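In what follows, a single structure is set out as structure tokens and then discussed.
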Amino acid sequence: MRPPPRPRAPERPRPGPAASSASPAGSGRRPAGAARSAGSARSAASARSAASPARPRPVASAPERGPRPVPAPAARDPRVSTAMADRLAERSAMRRHRSWRTALVVVLVLGLVGGAGWVVGWSDLLALDAEEVTVTGADVPVVDGERVHEIVLGAAGTPLLRLDTAGMAAEIRSLRGVKDVTLARSWPHGLGVVVVAREPVAAVPDGTDYVLLDDEGVRLGRRAGVPEGLPVVSVPLEKESARALQAALAVVAALPPGLSARVDQVSARTQDDVETVLRDGLSIRWGGADRLPLKVEVVRTLRAVGGDVAVIDVSSPELPVTR
């Protein structure tokens, strides 16, 4: 706790007007009696002050606060700092450095890409080598194998990336006896060619020669005689009999190898009247070229049963007829 404030000394009583007027005008001393009376009064006042406890002084209430005055802005330092300018200059230099570095990287990448493109597409480093060309499937009688090699080897020395494989394939497909062809690059210098040749399924008489036909009726060449293993289709090569010829070829192509090898003659007056004659003399009447898998299975079953049969009629396979 804070100690009580010290008692204030009593003020001297100031002489009033009466005392002033009672003393003579010309005298500067106080009367002895008056001096003694004043000293007695001061002693008594001091004794009373010491005996009675000191009263606390009243605390003045805080004055009501108003809005604080806004301090005036401090005067700016006349000195100018260059730190911000230095940082901006540093950032600008870094941006220029990054721009140059990016441009250099772009130039290098474009150079590498351009160089790689030139090596792959225009240089001889990845060109077609004639000794690394392989052709398969063209060594059959119905395909002109020499012409196939000429087409492929004509592109020797051309970079593999620039080979016109689509054009080469179209030219090879246009050759007689070629059904399809596939060309595949074999890096770094090779080319593989796979030819799918058409297979003759019948020989059609035409004058003194025979025209070889595949299952689609495409002519594969002429022969003086009938090649071994091919049946003779006795249907004229005329526009009026085109449907009958197509039905006869479809029946021959659907026969299993064990049965087609036994066929000697094929005839068809119309597209719904196809008949084959086997080498042993058995005649099979197929009707049209519809439902051939079922008809072939019925014929195989009836032949397995055996018996003295000269004709098998499966034009209606659900009700076959034999005689």
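Heads up, the Cβ atoms here are built off N, Cα and C, so glycines get one too.
Residues or ranges marked as region 'Disordered' in TrEMBL: 1-84. The feature compositional bias 'Low complexity' is assigned by TrEMBL to 17-64. Residues or ranges marked as transmembrane segment in TrEMBL: 102-122. Feature annotation from TrEMBL assigns domain 'POTRA' to 131-196. According to TrEMBL, the domain 'Cell division protein FtsQ/DivIB C-terminal' annotation covers 204-314.
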The domain 'POTRA' (131-196) resolves under DSSP into 23 helix, 21 strand, 22 coil
Averaged across the domain 'Cell division protein FtsQ/DivIB C-terminal' (204-314), what pLDDT does the model get? Just tell me the whole number, please. 94
